């Protein structure tokens, strides 16, 4: 089978980054972000369209300047559990922080979602770059970058260890022999590491996928390294074709360098397609959306978010961009450093920097259905992605893509015409990891030669 | 309206405490405890029967000696979210530990469940008496009793503070005025206490119930005090009629002493009714169930659980009960101390103590439907409970109660014939708490005389 494209849907309710005015759209319910029926509807549309997954972002800190969807939304795991029983094929990927959760609780909740969905759970691991989040969890100081990534790696390893607590055949439930559990198939992890100490075992059995699928969004050196080590799906940063090619090749190479099959890490790029009957109409719509979201105060707050929700409003707007390098390490380091570098190189004032910061992510996929399908094919052939994470503003936009573009991709053999499987692993072409204890026993029992 | 009885259903899947052999029953699916369809079915049956709530217990530690249902089960919040969209009236009460969760995450998940269920979430606050749980959360030592209860009280207070982050009218979503959020209605908690430090605000709005309903199960002095201060529902300990009367009167009195309306704390006793066409058949069934669960090794492990999963198997079974008083403080203190006192008073060996420890809780509600309805009425009139937390072994037992006993209770005016409300608060007769900031403003604006 030739390679095909994976598609995920990323619903933003009343409006995420770059969509601050979206709640005013009359087709969007004012409470969409806390209305489970909105999410069930989005999931049903995504499943009808044969998409791979529903993707739910998250954060643990807000103030009044945040996008409408961030201010008031459902928690991802409870949300996805409710969606699970209304779908049968769609993957359910929830974001959760490895900095502000405990591995026992979080591993358990994802395993529970994997059972409830019968094998469709995915975990998007984030380290939380909002420094304000620390104060919601009893800490004065946000963990620094290295500690957050060190903990993230160890956290995923511990979660996977906990997911292996029971071997697949741990519960014979044999009435005649009076054996419900075979205790030799229950294993405590007894993990003691630099950041975490977790005994186990977990109180839930191996789920249909063996282990939920790990997603990540590595951009920095640490982020890319973490992705290459443990991720099975990636939400790639934005950028042009050349940047996307560089990122794609780099991640696949790093993954192979860790002895992993580079096909077992699926790279999703962000796509907010704008599809219209004519190219001119699509470009006009793009300009409208861009203009809608121009608000200086909001951009100043947004700028602050890259530096850990720092409040820039006390600074002189027309003086040179202030020295905030010390804040970059604790915030979203890579993005923050880029802003500093550019301000210095171009000698920009704070006002100029704030004006240039925009959440709107320009999509390469703008035009008629034919044009958008063509650009998708071109980017895919150029080695820029395995999948697209699709964000639409309205249901009408989603429908325009599904009815206009998807059939063209299918005709070109680039997208499925039926689900391959009932599990997320199955649809993404990812293997089910063998239980570590089962594997140990199998290897120990194999004849010398075969063990290689 | 005269007082009526509240009923909750407590499903135990493949078998909880005192039901170790239940998984062998051919009418029970071997994977019931991890099968969401089992829970949805139980919830639908409970809702058809007009019960107030589905109640899900929990724990964070297992070893191979635990009851089948504990070994491998869904996590309560993900479970209840999935059940929520398949029910419309039934309360959804999930157990979660105040010792092993962070208030920000947990308050958020219950608020999310309250939105998803449109006002039916309840939180059963437990402090986790299994000392083994500590090692699943990075601690060498379990928190001692006083610290756990101190933290529990502060945790509930913080959760309630976070649930008030937004006032009810915080989101005007006024297109004409271009105001989605009214920032003056968003409040940070800035809590700094003995056990917890949480800034807030929470990133989810007030839910339909204002705040999810707080349940608790206080037995000890600390437990009863916590219940009287913050609980709106209680899972009462077992015992005979006189004990239940003492407990009921004590909790109501303590609640009033804290200035609260004693009607706003609903006391549920445990009931595992055994209903049969004749009294003799019901008694025979009771003896069978009791005998089924007699297993010395399991009882020895169960004994250990009262002392923090202590392993008694290294002790001489026929020597006097060993001195384990130092373990009682860290385990389930009240129960452990009772065991020690009795062993001393009656000069028992370890074997004798283990033989006398049984998980089976004798129910007062055994007999024909007429007899069971009669006993329920008698206990209710005697001031022993506001509600019964019903545990059945099989669906047939549940049906026997619903078809045999419930209509008799309805005929006597003791149980509803239709739901009063769509929310758990509404059906339990509990008020919706006013947002604290709204209240402050209201009181400040009232004329002097009216202010009190």
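The backbone N, Cα and C atoms fix where each Cβ goes, and this holds for glycine too.
According to TrEMBL, the protein has these features:
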BINDING   B:58, B:95, B:149, B:220  FMN binding site
DOMAIN    B:32-383  domain 'Luciferase-like'
Out of B:95, B:220, which of the binding-site residues is least crowded by other Cβ atoms within 10 Å?
B:220
Taking the residues the record says bind FMN (B:58, B:95, B:149, B:220), how far apart in Å are the two Cα atoms that sit farthest from each other?
20
If you draw a 10 Å sphere around the Cβ of residue B:58 (FMN binding site), how many other Cβ atoms fall inside it, taking every protein chain shown into account?
20
Would you identify the secondary structure of residue B:95 (FMN binding site) according to DSSP, in three states?
strand
Three states by DSSP: which one describes residue B:149 (FMN binding site)?
helix
When you measure from the Cβ of residue B:149 (FMN binding site), which residues in the chain that are at least 6 apart have a Cβ under 8 Å away?
B:127, B:222, B:223, B:225, B:226
